[in-house]
Ligand SMILES: Nc1ccn([C@@H]2O[C@H](COP(=O)(O)O)[C@@H](O)[C@H]2O)c(=O)n1
Ligand SMILES: C[C@@]1(CO)OP(=O)(O)OP(=O)(O)OC[C@H]1O
């Protein structure tokens with residue numbers, strides 16, 4: 001079957017950012033107070049970067065480093081919601097709509113539970129989805145590894161895309 005006819009496409013993305021100076025983190029488009037910031041070319045939003053990579057991966061369109069090189073001053077300090085929104089237009093141009101997203105943030109700190117609902121809503125708003133299509137979860141790594149040592153945060157994301165011309169509409 002030609003790729004253009006695939007009824008579903010699955011994508012997976014991973015991103016990591018190291019902590020540096022600062023007093024907040026951008027996670028899922030939400031400002032989360034913290035004792036560190038992220039070292040990054042953009043705002044360092046690992047959640048939105050992992051989701052962007054999952055969407056690009058589902059379409060076999062490369063990764064965000066390819067679309068938004070960290071050598072390009074246009075992305076210096078960029079709001080990652082802007083990058084994610086652009087990725088969504090690429091998905092649309094490929095003939096697909098987003099079915100659902102599931103992201104897991106791996107962070108020893110800060111405590112993310114109070115921010116999860118706002119992250120889901122922010123992602124849904126950026127992608128014009130219903131919040132029920134967007135899952136964000138958090139886990140520690142039980143103090144193991146670089147996340148456990150609080151050197152940074154990682155996120156993994158999975159997405160499924162549905163071909164627009166075969167999607168069931170009500
Ligand atoms: N940064 C984090 C990490 C985890 N949580 C929540 O704590 C619960 C227990 O986490 P485990 O590492 O033991 O799986 C879990 O419900 C997480 O949602 C958090 O809020 N912030
Ligand atoms: C988002 C981009 C672009 O500003 O930079 P960073 O914020 O450093 O993020 P990363 O996930 O390392 O790679 C993608 C980049 O090119």
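Using N, Cα and C of the backbone, Cβ positions are placed for all residues, glycine too.
Annotated domain '2-C-methyl-D-erythritol 2,4-cyclodiphosphate synthase' per TrEMBL: 8-161, in sequence order.
According to TrEMBL, the feature divalent metal cation binding site maps to 15, 17, 49. Cβ-based neighbour count (10 Å, all protein chains) for residue 15 (divalent metal cation binding site) stands at 24.
Summarising the environment of residue 17 (divalent metal cation binding site), the number of other Cβ atoms within 10 Å of its Cβ, over all protein chains shown, is 22. Marked as 4-CDP-2-C-methyl-D-erythritol 2-phosphate binding site by TrEMBL: 15-17, 41-42, 63-65, 68-72, 139-142, 146, 149.
Within its own chain, residue 41 (4-CDP-2-C-methyl-D-erythritol 2-phosphate binding site) has 70, 75, 76, 78 as residues 6 or more apart in sequence whose C-beta sits under 8 angstroms from its own. Taken from TrEMBL, the feature site 'Transition state stabilizer' covers 41 (among others).
Cβ environment of residue 140 (site 'Transition state stabilizer'): 106, 107, 108, 147, 148 lie under 8 Å away, each six or more residues apart in the same chain. Residues or ranges marked as site 'Transition state stabilizer' in TrEMBL: 140 (among others).
With a cut-off of under 6 Å between the Cβ and any atom of ligand 1, the recorded positions 17, 69, 72, 140 reduce to 140. Of all the binding-site residues listed here (49, 149), it is 149 whose C-beta has the fewest other C-beta atoms within 10 angstroms. Highlighted in sequence order, 16, 40, 44, 45, 46, 47, 48, 50, 154, 155 have their Cβ within 8 Å of the centre of the Cβ atoms of 15, 17, 49, the residues recorded for divalent metal cation, and are not part of that set. In the three-state DSSP scheme, residue 15 (divalent metal cation binding site) is classed as strand.
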